[in-house]
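Participant: Sending over a structure as structure tokens; questions will come in a sec.
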Amino acid sequence: MNWYLKRTGQALFTLWAVVTVAFVLAWNVPGSLVDHMVDRIVQNSNVDPEIVRESIESRLMFDPEASLLEGYLTYVSALLEGDLGYSFVAGQDVSTTLAEAVPWTLLVMSLATLGMFAISLALGAIMAYREGSWFDIANTFVGIVTTSVPYFVAAFLLILWVGYSDAPILELFPPRGRRPPRVDPGFTVAFVWGALRHAVLPALSYLITGYGLLALSMRGNSIQTLGEDYVRVAELRGLSSRRIALRYVGRNAVLPLYTSLLLSIGFMLGSSVVLEQIFQYHGVGYWMYEAIDATDVPLMMGTFIVITVCVVIATFVADVTYSMLDPRIKSGDQGEAY
């Protein structure tokens, strides 16, 4: 119990530290924070700067003219109440904007994660059992090449492929947007199917560039496990190859991949800033890019906090659950999950 409390405390401390650092960085922006936001908004419109200034000052979560401590306490108090401020880019509250965006980013990440896990698990195991064969050599080469390709390059190649393909392919995998424009949102077959089709290309960008490393890791883990004494004992006992592969080799070789997949959430969230802009997919990364481009500080800090919360939760879940999956790892000061 003490170990779980310790891990929970570390997670909460990390969140507090990130919120504090984000606030201090925003507070110490060179020049006036309000002036930066006013300049960005005015240069793209013909609105009176004074009207914009009054609107920004009335909707900021803290008073830029107050002391650092007063502004920080005001900001943290608002966060605890679920108030992330108002976004002038989105034209609505930051919490509302991100509540709408988070599920779409999670959809892409879920498809990519499940796809990478399934392909890497099967491919890596087969490569291990056929070590040294043409299948192993060819897939090792392909895995190294795809891992070396940046995700945004894969995204552009996928868009080019779809753009120069026949109309049915373009209709099946739309390269822009997150949902069908002429379908009303709701839990209907048409809407769900349309949302999945729009998420395929962003998810493939992650999958193509990420599966190779996981497959090679699975291959290495499986080869190492095949040499363990308990596998040889199972073979001597006359157990079937299928049972040995599933119960002895696969079960133990897949454990390191579990934490790798959870920790890859941080990479996916960080890369979504560029990827979602490429596909014009309005998720968390898309709004972070828009916030940075427009110096929309409330939205910028809100997206930063949401991404941090997701990464901390994923790390916490990986740390807590790994010891449950692997009895050899103890939950406590004497053993760590990774």
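Indices start at 1 and increase along the chain as displayed.
Here the Cβ of each residue, glycine as well, is placed from N, Cα and C on the backbone.
As annotated in TrEMBL:
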TRANSMEM  12-29  transmembrane segment
DOMAIN    102-318  domain 'ABC transmembrane type-1'
TRANSMEM  104-129  transmembrane segment
TRANSMEM  141-164  transmembrane segment
TRANSMEM  190-214  transmembrane segment
TRANSMEM  253-279  transmembrane segment
TRANSMEM  299-322  transmembrane segment
Participant: Given pairs 6 or more apart, does the transmembrane segment (104-129) have at least three Cβ pairs under 8 Å with the transmembrane segment (299-322)?
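Facilitator: No, since the transmembrane segment (104-129) and the transmembrane segment (299-322) share fewer than 3 Cβ pairs closer than 8 Å, they do not count as touching.
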Participant: Quickly jot the same-chain residues contacting the transmembrane segment (253-279) by Cβ under 8 Å, restricted to those at least six beyond its ends, or write none.
Facilitator: 105, 108-109, 112-113, 116-117, 120-121, 124-125, 128, 151-152, 155-156, 159, 175-177, 201-202, 205-206, 210, 214, 217-218, 221-222, 224-225, 285-286, 288-289, 307, 310-311, 314-315, 317-318, 321-322, 325-326, 337-338
Participant: Restricting to the same chain and to residues at least six past its boundaries, which positions have a Cβ under 8 Å from a Cβ of the transmembrane segment (299-322)?
Facilitator: 4, 7-8, 11, 14-15, 18-19, 22-23, 26, 79, 84-85, 87, 89-90, 94-95, 97-98, 102, 255, 258-259, 262-263, 265-266, 269-270, 284-285, 287-288, 290-292, 329, 331, 336-338
